[in-house]
Amino acid sequence: MTATALSGKELATEIRAETAARAAELTAAGRPPTLAVVVATADESSAWYVRSIARAAEKAGVHCDVIDVGPHAAAAGIAGTLVRLNADDAVHGVILQTPLPEGVNAQEMALAIDVGKDVDGANPASLGRLAAGLPAFAPATAQAVVAILDHHGIELSGRPVAMVGRSTVVGKPAAHLLLDRNATVTICHSRTRDLAAVTRAAEVVVAAVGRAGLITAEYVSPGAVVVDVGTNPTGDGGLAGDVDAASVGAVAAALTPVPGGVGPVTTALLLSHTVQAAARVRAGG
Ligand SMILES: NC(=O)C1=CN([C@@H]2O[C@H](COP(=O)(O)OP(=O)(O)OC[C@H]3O[C@@H](n4cnc5c(N)ncnc54)[C@H](OP(=O)(O)O)[C@@H]3O)[C@@H](O)[C@H]2O)C=CC1
Ligand SMILES: Nc1nc(=O)c2c([nH]1)NC[C@@H]1CN(c3ccc(C(=O)N[C@@H](CCC(=O)O)C(=O)O)cc3)C=[N+]21
């Protein structure tokens, strides 16, 4: 058996087209949608991600302001920058890049992001609202997982799903979104005993671990659907998923590729959230 590739490219193109149309309307109405990206790191993969957001934003007609406070910024300085952006009516979305300088806690910092502008669902209050079924932006990556499954017509209701990873950026919010779709979700992590037994019992496996090739064929039941969130830099400047596509592809029914799967949908959703935030402000006056 050779697994079907669940591409994210077409879905990302659809989301970007819809986003560009709404961005053009907002711009014509004198409210150009604007995303502020706060950076406090010299990390190369973070810099790559920021450049890819800026490129995608430009194509969609969304303004992207990168505010680099430097890799030695103190917590008070970072929080102060976020508070200033909350108060700036010309800014509709705010994201804070990780990693942060040593000793600065990402969750603490994200508490300073206004929930209405929290387009990557980083504020713990956004995660709480998501869990409680209240309106909030989900982290773009977590939403991308469900969106890509929906796009390819994969049923979630009632099905056993293994979510491998419990980070606040991906695993926990994705588990909530999957639960909202009536999946029966098991959340796994580094202390999970016999991970392969748990993932083999699932019909849908989502891997957000950060270990290239961790999920091999013996972790997957024949006919399962596998979503690979991992974006692990390879030595030669490429990207490797958390799933060993060569072996899993022979067992699974369907698998999201890396690159070309969850990644492009993530960036498209981040911009979509930004125009939603801008439109909401307009609706409120
Ligand atoms: N495509 C995209 O848009 C995005 C991709 N990513 C990628 O997704 C991956 C995960 O990111 P993120 O959630 O931020 O990573 P984190 O490092 O924050 O979390 C990793 C999770 O995986 C668990 N884990 C680690 N090792 C194992 C193991 N051997 N077996 C089972 N579970 C394990 C950890 O468990 P524990 O909690 O016990 O430590 C933790 O819950 C990375 O490759 C990242 O680059 C991330 C965000 C967006
Ligand atoms: N709070 C937070 N939110 C994130 O969303 C987040 C983060 N932290 N930390 C870092 C990771 C990484 N990440 C990627 C997003 C898109 C691609 C992407 O679009 N990749 C393309 C291009 C790949 C290539 O050019 O080789 C693809 O997969 O096809 C990759 C990686 C978001 N992250």
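Please read every residue number as a count from 1 along the shown chain.
Note that Cβ sites are derived from N, Cα and C of the backbone, with glycine treated the same way.
Automatic prediction, not curation, is the source of TrEMBL annotations.
Taken verbatim from TrEMBL:
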BINDING   Gly165, Arg166, Ser167, Thr231  NADP(+) binding site
DOMAIN    6-120  domain 'Tetrahydrofolate dehydrogenase/cyclohydrolase catalytic'
DOMAIN    139-280  domain 'Tetrahydrofolate dehydrogenase/cyclohydrolase NAD(P)-binding'
Fewest other CB within 10 angstroms, which one of the binding-site residues Ser167, Thr231?
Ser167
For NADP(+): widest Cα to Cα gap among Gly165, Arg166, Ser167, Thr231 in Å:
16
Which site among Gly165, Arg166 has the most other CB atoms no more than 10 Å from its CB, taking these as binding-site residues?
Gly165
Near ligand 2, meaning Cβ under 6 Å from any of its atoms: which of the binding-site residues Gly165, Arg166, Ser167 fit that description?
none
